[in-house]
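**Student:** What TrEMBL lists as signal peptide is A:1-24. Taken from TrEMBL, the feature domain 'Cytochrome c' applies to A:76-169. Look at TrEMBL and you will find A:Cys104, A:Cys107, A:His108, A:Cys141 tagged as heme c 1 binding site. TrEMBL lists A:Cys204, A:Cys207, A:His208, A:Cys249 with the feature heme c 2 binding site. According to TrEMBL, the feature substrate binding site maps to A:Arg245. The active site, cysteine persulfide intermediate feature in TrEMBL is assigned to A:Cys249.
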Amino acid sequence: MRRTITTQLAATALGLILAGAAWADPVEDTLVIDTDDGELEIVTKAPAPDHLKDVMDTIWSGWHYREDETRDLQRDDFDNPAMVFADRGLDRWNAEIGANGESCASCHQGPETFKGLRAVMPRVDEKTGKLMIMEDYIQSCVTERMGLEPWKVTGDEMKDMLALISMQSRGEIVNVAIDGPAQPFWEKGKELYYTRFGQLEMACANCHEDNQGMMIRADHLSQGQINGFPTYRLKDAGMVSAQQRFVGCVRDTRAETFAAGSDEFKAIELYVASRGNGLAVEGVSVRH
Amino acid sequence: MTRRAWLPALAAALVCAAPALAEIAPNDVVFADGAVEASLTGTPGDPVAGAKVMTTNALGNCVACHQIAAMPEVEFPGDIAPALDGAADRYSEAQLRGIVIDAKHTFPDSFMPGMYKTSGFIRPGNGYTGKASEGEPPPILTAEQVEDVVAYLLTLKD
């Protein structure tokens, strides 16, 4: 009996220590996903890319900052609530919705033809010199090739398609270009990242660089990495794209936010993506 | 205008103007090395009301970032900012008032939002709507609430 009590005490003490650790720095853990095609290990921690070396050594996926239960949801596709939306994306992909009966599949065959694309987005389009986020490519197909009204940038149709296309690059290492034609956009994004917006005068960097790993009330501040996007956000009970999250973050500084899909948020997406160069695309992730 | 008509109007104007006369407006606050000597209201604050302001999300929400040992009932206080225990030993009333009003006069790189500040912002919004503020946004706290918070902070001695 005494041994039992001692063991329980020790276990309780250990539990307290672990609980304390869980609320501080990113949790040491490894993400191996049980998929239809077997196990897939995801790179969720990596040395910081060169351009970040003076501010941090290691980059961590937001997955490491979430509670055990939330992290577990991403270990098995069967448990991952975001998979429904990727599946719905596949239905949309095959649907003959164009003005002349076009579907995504009728031009692009299967979605797997986009394998690798998510890992290098945003990028500068070679023909136009414009910075493109995935939504821009999808939108141009919807309006120009299919002759439809534009999809809402943060609407369900768009996010389903983002989920489907992102899944094709799951496990691939993020490697967005920041030099050459991308450089001016990247510099603009960096400038915005460090600008203190709104009545609360907060820059992205205040939370996600200076205070990552710390707590604002019960919110555990991550590095704000977007390798996991689009993500199923438990708080919203739905999918959230990076553009949508940027709107929410800037709004929460009591600022006049930029629009989803605006030049400003596209530049921020490029810059933030580049801070995750070295992490793997998670396909569709789960956060809270 | 008849005499009967304008008398009540004058009285109403005086009543409306009275609180404003006693208060220092956000843009009129005078800082000296980050400290603000003059009370914003001219009236001592209420520490009990101050504690309420500090723990209410929609008001000061100080505990989002600061820990306070004297407030053990607060669940999940944040830890990105210094603990406030012993604040009154480290800072004078004027310094505390200055930090609450706009901490950047004391700590230029501070993360802390100015609680009684209405100008100098980049893209100020209309609260949390994401839309633009029409003119200067109102301060996060009223003058009275700032004085209440200062009164509470002055109770935090080691």
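Positions of Cβ are set from backbone N, Cα and C atoms, glycine also.
These figures come from a predicted structure and were not determined experimentally.
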**Student:** Closest of the binding-site residues to A:Cys141 (heme c 1 binding site), Cα to Cα, picking from A:Cys204, A:Cys207, A:His208, A:Cys249?
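**Tutor:** For A:Cys141 (heme c 1 binding site), the spatially nearest of the binding-site residues is A:Cys249.
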**Student:** Report the mean pLDDT of the predicted model across the domain 'Cytochrome c' (A:76-169), rounded to a whole number.
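**Tutor:** Across the domain 'Cytochrome c' (A:76-169), the average pLDDT comes out at 98.
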**Student:** Just to verify: the residue among A:His208, A:Arg245 with the fewest other Cβ atoms within 10 Å, which of the binding-site residues is it?
**Tutor:** A:His208
**Student:** When neighbour density is defined as the number of other C-beta atoms within 10 angstroms of a residue's C-beta, which of the binding-site residues A:Cys141, A:Cys207 has the lowest density?
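**Tutor:** So among A:Cys141, A:Cys207, the binding-site residues given, the one with the fewest Cβ atoms within 10 Å is A:Cys141.
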**Student:** For the heme c 2 binding site, please report the maximum Cα-Cα distance among A:Cys204, A:Cys207, A:His208, A:Cys249 in Å.
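**Tutor:** Taking every pair among A:Cys204, A:Cys207, A:His208, A:Cys249, the longest Cα gap is 11 Å.
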**Student:** A:His108 (heme c 1 binding site) to A:Cys249 (heme c 2 binding site): how many Å between their Cα atoms?
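**Tutor:** Taking the Cα atoms only, A:His108 (heme c 1 binding site) lies 35 Å from A:Cys249 (heme c 2 binding site).
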**Student:** Around the heme c 1 site formed by A:Cys104, A:Cys107, A:His108, A:Cys141, list the extra residues of the same chain whose Cβ is within 8 Å of the site's Cβ centroid.
**Tutor:** A:Trp93, A:Glu102, A:Ser103, A:Ala105, A:Ser106, A:Arg145
**Student:** Calculate the distance in Å between the alpha carbons (Cα) of A:Cys207 (heme c 2 binding site) and A:Cys104 (heme c 1 binding site), and round it to a whole number.
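**Tutor:** A:Cys207 (heme c 2 binding site) and A:Cys104 (heme c 1 binding site) have their Cα atoms 39 Å apart.
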**Student:** Between A:Cys249 (heme c 2 binding site) and A:Cys104 (heme c 1 binding site), what C-alpha distance do you get in Å?
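**Tutor:** Rounded to the nearest whole number, the Cα-Cα distance is 32 Å.
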**Student:** Three states by DSSP: which one describes A:His108 (heme c 1 binding site)?
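**Tutor:** Helix, per DSSP.
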**Student:** Using DSSP, tally how many residues of the domain 'Cytochrome c' (A:76-169) sit in helix, strand and coil.
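**Tutor:** When I sort the residues of the domain 'Cytochrome c' (A:76-169) into the three classes, I find 48 helix, 5 strand, 41 coil.
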